[in-house]
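Summarising the annotation, TrEMBL assigns active site, nucleophile to SER132. TrEMBL lists ASP160, HIS236 with the feature active site, charge relay system.
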Amino acid sequence: MDSAKFVFETGSKHVKMFTVETKTCKNTEKSYTTPAKPLLVASPVEEGEYPVVVFVHGYLLYNSFYSQLLNHVASHGFVVIAPQLYVVSGPDTTEEIKSAASLLDWLANNLASTLPQNVQPNLAKLSIAGHSRGGKVAFALALSKVVSSPLKISALIGIDPVDGMDMGNQTPPPILTYTPNSLKLDMPVLVVGSGLGELKRNALFPPAAPKGVSHEQFFKECCAPACYFVAKDYGHVDMLDDETKGFRGNLTYCIAKNGKERKSMRVFVGGIMVAFLKACLENEREFLMAIKDDPGVAPIELSTVSFLE
């Protein structure tokens with residue numbers, strides 16, 4: 001089982017993390033039209049062709065809060081793109097879904113020009129992932145809610161996805177139907193849940209990932225192939241960077257019930273993403289299957305491990 005632990009360690013690739021701003025770039029080496037939304041990119045620097053992961057941030061969070069997670073995934077040989085879809089937003093996610101689709105369209109003609117020299121993106125191996133409300137956006141795009149994806153999505157990941165405030169109070173457009181296996185997705189799906197996400201931190205704040213609109217229900221509505229892991233003693237934002245600064249960063253420590261520290265949860269989330277993506281995109285199934293067979297190899301205790309095959 002030592003091979004499974006590999007995905008929870010930093011990978012062999014050196015990673016460059018950089019931003020792509022919303023201005024037209026022209027220089028002597030590369031020229032490209034920049035995206036409608038600013039991007040945080042984590043890319044291997046070694047020459048090669050790498051699968052692409054689009055990662056959508058959670059509600060009112062900054063993409064930079066996920067920099068350590070993105071770095072972990074990229075170090076295993078993936079180009080990770082994290083757009084900042086909004087700074088302030090209401091309950092309706094329609095515009096975020098449209099923005100995510102627009103980004104995928106931009107990737108086809110412009111991504112390669114932003115990456116380190118001799119690094120090529122393989123958009124035939126494109127996956128989309130999202131945390132919290134970003135998980136809802138990822139599912140919506142994969143399901144062609146509001147708008148169809150301009151590129152084929154080969155894998156889908158929901159990290160503690162949330163569809164609204166409570167059952168009967170989903171934010172538009174609703175994703176969950178409350179019918180088992182009703183989400184007809186033509187791609188493999190990974191759902192990661194937090195054991196503490198459905199609990200209130202205190203009387204002032206509701207649960208960050210309420211039961212009935214979060215990970216458990218998302219997985220119930222998935223069709224095969226899909227897999228599901230729940231981190232028993234960790235909370236909704238415990239996969240963020242160890243230190244998140246500023247007003248919003250400070251809020252992440254007090255609005256949700258948290259585990260004892262973030263590193264272990266973040267390493268697990270990064271590792272299970274890598275194992276899943278390698279299985280789906282590279283046909284390297286040994287890491288994911290080893291974790292399925294022996295969940296104890298994970299750096300945290302898992303209360304649920306379930307597969308639809």
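Placed from the backbone N, Cα and C atoms, the Cβ positions cover glycine too.
TrEMBL: automatically predicted annotations, no manual curation.
Here the features listed in TrEMBL are painted onto the structure.
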{"residue": "SER132", "record": "active site, nucleophile", "Cβ neighbours (10 Å)": "26"}
{"residue": "ASP160", "record": "active site, charge relay system", "Cβ neighbours (10 Å)": "31"}
{"residue": "HIS236", "record": "active site, charge relay system", "Cβ neighbours (10 Å)": "29"}
In DSSP terms, helix, strand or coil for ASP160 (active site, charge relay system)? coil
Translate the DSSP assignment of HIS236 (active site, charge relay system) into the three-state scheme. coil
Look up the residue listed as 'active site, nucleophile' in the DSSP assignment and reduce it to helix, strand or coil. coil
